[in-house]
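Only one structure is covered here, and it is reproduced in the block below.
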């Protein structure tokens, strides 16, 4: 598939992105997206909802929701509602539940947002001739997807892919990285808050009888609190590290795959605040922390009614 105006190279021959022993994120993309099966994407033309139907990812995403809801149950019903101080319960309850809602909303936006997939099967002679490429300009295609590979794209044709995260059942790319950053931030905050509340509850219950500081029996309360503390420590460590690496990648305009592969940049980099503005949109404001920005509920409902199945995800 060559002409005098351009040369088409196979991606795997000249820019191997999924060679043996490649990074975990790239391998996860191949397993996570392609195993999904039925249509897992949306475009303006198809009006379908983006959703990766990968069993492992769906289990991990369900576990994420279960663990957050479990933390809400323990915080609200074991620690805050039985507390004698009304304002202590009200302020901490409002703060924790608000952060939990923002965390789950960020998770949903990350999971249901197209991370930046490019059209499949567009590496045709007619389409490439329509691009009016300059003489000697080289473009690449993926032989598996039969798609033109944009700069910084990774199989399967995901532009500016950062990594694949099973906990959100999606890849993290240029179009949903903002929501993933918010998800890690809010999970880290509610984990730290839960640890603080657990410490206060243990300290309070040691000074009085356990029956007076909880509606549950002492044994059940201790077990619930211990499991909550273990969950909070694990989630706080993981999400804090992920949040830090994501901010570092954004400020350096470098994805995790590019960092792990130590790829030299061939693109014009956006540094520091320019990178943050590109990901979060516009100058710094409170809207950066709002996962509901740009969400149109009516359009989402219309897209959910337009879902349909198939043999592969469509982009």
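Heads up, the Cβ atoms here are built off N, Cα and C, so glycines get one too.
Annotation source TrEMBL lists transmembrane segment at 56-80 (among others).
TrEMBL lists 86-105 (among others) with the feature transmembrane segment. Away from its own ends, the transmembrane segment (86-105) comes close to residues 65, 68, 71-72, 75-76, 80, 182-183, 186-187, 189-190, 193-194, 197, 289, 291-292 of its chain (Cβ-Cβ under 8 Å, at least six residues beyond either end).
For the domain 'Palmitoyltransferase DHHC' (141-262), the model's average pLDDT works out to 82. Look at TrEMBL and you will find 141-262 tagged as domain 'Palmitoyltransferase DHHC'.
Long-range contacts of the transmembrane segment (179-202) within its own chain (CB-CB distance under 8 A, at least 6 residues past either end) are made by residues 68, 71, 74-75, 78-80, 92, 95-96, 99-100, 102-103, 106-107, 109-110, 113, 162, 165, 168, 172, 213, 225, 228-229, 231-233, 235-236, 239-240, 242-243, 246-247, 250, 279, 289, 291. The annotation transmembrane segment is assigned in TrEMBL to 179-202 (among others).
Summarising the annotation, TrEMBL assigns transmembrane segment to 222-243 (among others). Long-range neighbours of the transmembrane segment (222-243) within the same chain, counting only residues 6 or more positions beyond its ends whose Cβ lies under 8 Å from a Cβ of the stretch, are 67, 70-71, 74-75, 78-79, 181, 183-185, 187-188, 191-192, 194-195, 198, 201-202, 216.
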